[in-house]
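First comes the structure, then the notes that go with it.
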Amino acid sequence: MASSCCLHAILLCSLLFITSTTAQSETSFRPKGLILPITKDALTLQYLTQIQQRTPLVPVSLTLDLGGQFLWVDCDQGYVSSTYRPARCRSAQCSLAGAGSGCGQCFSPPKPGCNNNTCGLLPDNTITRTATSGELASDTVQVQSSNGKNPGRHVSDKDFLFVCGSTFLLEGLASGVKGMAGLGRTRISLPSQFSAEFSFPRKFAVCLSSSTNSKGVVLFGDGPYTFLPNREFANNDFSYTPLFINPVSTASAFSSREPSSEYFIGVKSIKINEKVVPINTTLLSIDNQGVGGTKISTVNPYTILETSIYNAVTNFFVKELVNITRVASVAPFRACFDSRNIASTRVGPAVPSIDLVLQNENVFWRIFGANSMVQVSENVLCLGFVDGGVSPRTSIVVGGYTIEDNLLQFDLARSRLGFTSSILFRQTTCANFNFTSIA
């Protein structure tokens, strides 16, 4: 009998030791970075990702919003979690999120998204430009770690802040999507929360695949970043330009004196075939009303130009693309061509390069045919820029198509953008991150 008791005691101690060691290992593990796979939806051209959220964990599909303020999800339908916690008025969470001192009240039984004495924000569908009020809350989020080259173990943030949206906000988003993942310049965006929780640098990189059948990637944390076949991108592989803060929010709804969470860069001029395009350069600056300038966006599928800039760029491009037959326009594009006489290169159709000249003549973002020309039918290629109208809020919006197969690093601590131009030159693509090999 004594022998049996001893055996049970030994087994119990062993089990406790294993459990304790496992828990300690999970607690002490600090990932170098994190990754999110990104897919391109063929119907909407939105860039989608997926996280695991709640308890028990469930997969949540989201539209990627580079300049979005935070993670928001639909809490009206099917949100069930034992670890959901609404943020109470005047709490540290509300202060961190910039939610102000107002207190929300709910006039129905408590549930996720509807609790008394909570603070709220304004979840924004940036595709349809629709916003509403929503409850700030925290819950468990699980994502995969990475060393910049391979995926690693899954890690959890048990107090990840997000905002509850309403079901009607999902209108216009891709099928199956339950919210939006905001990577913008706020203290509760995904990059900010991940870097704070896991103590890695406040940097993230975006590499969007041009294919609807292959995954691109967002990498949170510092580089180097590696793509197959062993193409490494370190700090000296990037060109750098400052990121600017627009002092006036560009969200659909916002509070006074709230700056924009989107990423603006300082384009000084535009060149085609290394020749300056004559444009009104005052449009390239942000005025005191927050109008003008250049931003980068993943919710706009194509680059959008203010009308006078669009006309100048289109006309100049047509003039430089000699001996190519122009054909009828195909909406939303104006300048379309017979592609049968346009040669192919490693970086797409052989057409004039377009340069966004940045802080000086030696720093420019060169756009090649793969990112400027859209194949709209078998024999028709169109210049993939869109007329944004006479008085848009932002003069140039660099859209998703233009940044596909470009590696962009957003350094939040130093407020700068690192960019590579097309990585097709390096004989790789954004679809070549090795998601299959576990670090």
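Glycine is treated like the rest: Cβ placed from N, Cα and C.
Noted in Swiss-Prot for the protein shown:
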SIGNAL    1-23  signal peptide
DOMAIN    47-420  domain 'Peptidase A1'
CARBOHYD  Asn116  N-linked glycosylation site
CARBOHYD  Asn280  N-linked glycosylation site
CARBOHYD  Asn323  N-linked glycosylation site
CARBOHYD  Asn434  N-linked glycosylation site
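Recorded residues Asn323 (N-linked glycosylation site) and Asn280 (N-linked glycosylation site) have their alpha carbons 29 Å apart, per Cα-Cα distance. Cα of Asn116 (N-linked glycosylation site) to Cα of Asn434 (N-linked glycosylation site): a distance of 46 Å. In this structure, the C-alpha atom of Asn434 (N-linked glycosylation site) lies 44 angstrom from that of Asn280 (N-linked glycosylation site).
Mapped onto three states, the DSSP output places Asn280 (N-linked glycosylation site) in coil. Between the glycosylation sites Asn116, Asn323, Asn434, Asn434 has the most other Cβ atoms inside 10 Å of its own Cβ, all protein chains included. For the domain 'Peptidase A1' (47-420), the mean pLDDT of the prediction comes to 97. Around the Cβ of Asn280 (N-linked glycosylation site), the number of neighbouring Cβ atoms within 10 Å comes to 11.
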